[in-house]
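Colleague: Below is one structure. I have some questions about it.
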């Protein structure tokens with residue numbers, strides 16, 4: 001019996017690396033730890049003599065001990081120690097990047113975040129070439145595309161976190177309006193992670209009823225507007241971006257991959273094959289419903305959209321094509 005217990009404890013656990021220990025990164029690490037999904041490696045910069053990744057990892061490790069969660073948590077100051085600890089990662093989550101500052105153009109912001117991203121993708125190629133990457137940094141759709149280009153990974157192994165969060169926000173606003181259990185509400189948001197996201201009301205339900213049968217057109221318009229402005233509302237109230245719900249969205253994706261759950265969820269993915277024909281979109285990463293399992297994106301869910309929803313999705317894709325063209329230009333300058 002004792003030998004079996006020891007063998008169980010020593011069994012190899014999934015390794016999940018999180019690059020960036022800001023609010024989103026640290027909360028991803030926290031949730032991964034509390035759920036015991038695998039060993040957690042937290043990477044961050046060495047700042048003015050301080051090592052936040054090491055400090056936060058130590059705190060999380062002590063929490064895990066307190067709660068009898070048998071995983072390892074380690075912090076790495078990557079500009080001091082490098083990225084060698086990425087070796088053996090099953091999943092790498094990229095949360096690091098800079099927010100848009102006053103006076104920065106869209107091109108300036110993208111260029112700066114591409115430079116940061118390239119440092120990470122070079123390290124992932126060297127040390128974690130078999131991993132699945134989840135991109136959280138913004139602009140997430142464009143940086144997911146750039147990650148595929150920079151790593152040369154199969155597109156199914158590079159996934160952007162967007163639609164899971166946007167769908168949760170849509171669900172929250174529906175719940176606030178009707179006041180029933182979360183479990184009985186299903187919502188779907190596709191497209192870009194931004195003002196051109198597409199809340200898909202034809203595939204959003206309260207119980208067995210489409211929300212279009214529950215709410216009036218004006219009420220639905222209000223719900224859509226609230227969903228599109230959900231992130232901006234938090235910024236206006238707090239002065240910084242959300243982090244609890246984004247972190248939870250990442251961890252839901254990680255859990256489906258690690259445990260091969262094959263859950264269907266909207267993610268920013270590179271559109272190809274049958275999905276490209278169905279949605280009439282190609283050459284970009286955009287939020288679509290996919291099956292997430294141990295291989296990453298295992299399949300596309302081909303949703304039949306209304307005429308209006310299809311037009312809105314194509315409008316979203318057109319904007320992303322412009323960003324992709326800009327990204328290709330800037331990548332050549334790196």
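Cβ coordinates come from backbone N, Cα and C, glycine included.
Below are the features I grabbed from Swiss-Prot:
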- 193: active site, proton acceptor (ACT_SITE)
- 19, 20, 21, 22, 23, 24, 25, 113, 136, 137, 138: NAD(+) binding site (BINDING)
- 100, 106, 138, 169: substrate binding site (BINDING)
Colleague: So which one is it: of the recorded positions 23, 193, which has the fewest other Cβ atoms within 10 Å?
Modeller: 23
Colleague: Can you name the residues of this chain that are 6 or more positions from residue 136 (NAD(+) binding site) yet have a C-beta less than 8 Å from its C-beta?
Modeller: 20, 24, 28, 93, 94, 95, 160, 161, 246, 250
Colleague: Among the recorded positions 106, 169, 193, report those whose Cα falls within 10 Å of that of residue 138 (NAD(+) binding site); none is a fine answer.
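Modeller: Correct set: 193.
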Colleague: NAD(+) site residues 19, 20, 21, 22, 23, 24, 25, 113, 136, 137, 138: biggest Cα-Cα distance, Å?
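Modeller: Roughly 17 Å, rounded to the nearest whole number.
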Colleague: Taking the Cβ of residue 106 (substrate binding site) as the centre, how many other Cβ atoms fall within a 10 Å radius?
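Modeller: Here the count is 13.
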Colleague: When you look at 100, 106, 138, 169, which the record names as binding substrate, what is the longest CA to CA distance in angstrom?
Modeller: 25
Colleague: Do you know offhand how many angstrom separate residue 23 (NAD(+) binding site) and residue 100 (substrate binding site) by C-alpha?
Modeller: 16
Colleague: Note down the number of other Cβ atoms within 10 Å of the Cβ of residue 19 (NAD(+) binding site), including every protein chain shown.
Modeller: 29
Colleague: I'd like to know which of the recorded positions 19, 21, 25, 193 sit within 10 A of residue 100 (substrate binding site) at the Cα level.
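Modeller: So the list is empty; none.
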Colleague: Among the recorded positions listed here (19, 21, 193), which has the Cα closest to the Cα of residue 169 (substrate binding site)?
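Modeller: Spatially nearest to residue 169 (substrate binding site) by Cα position is 193.
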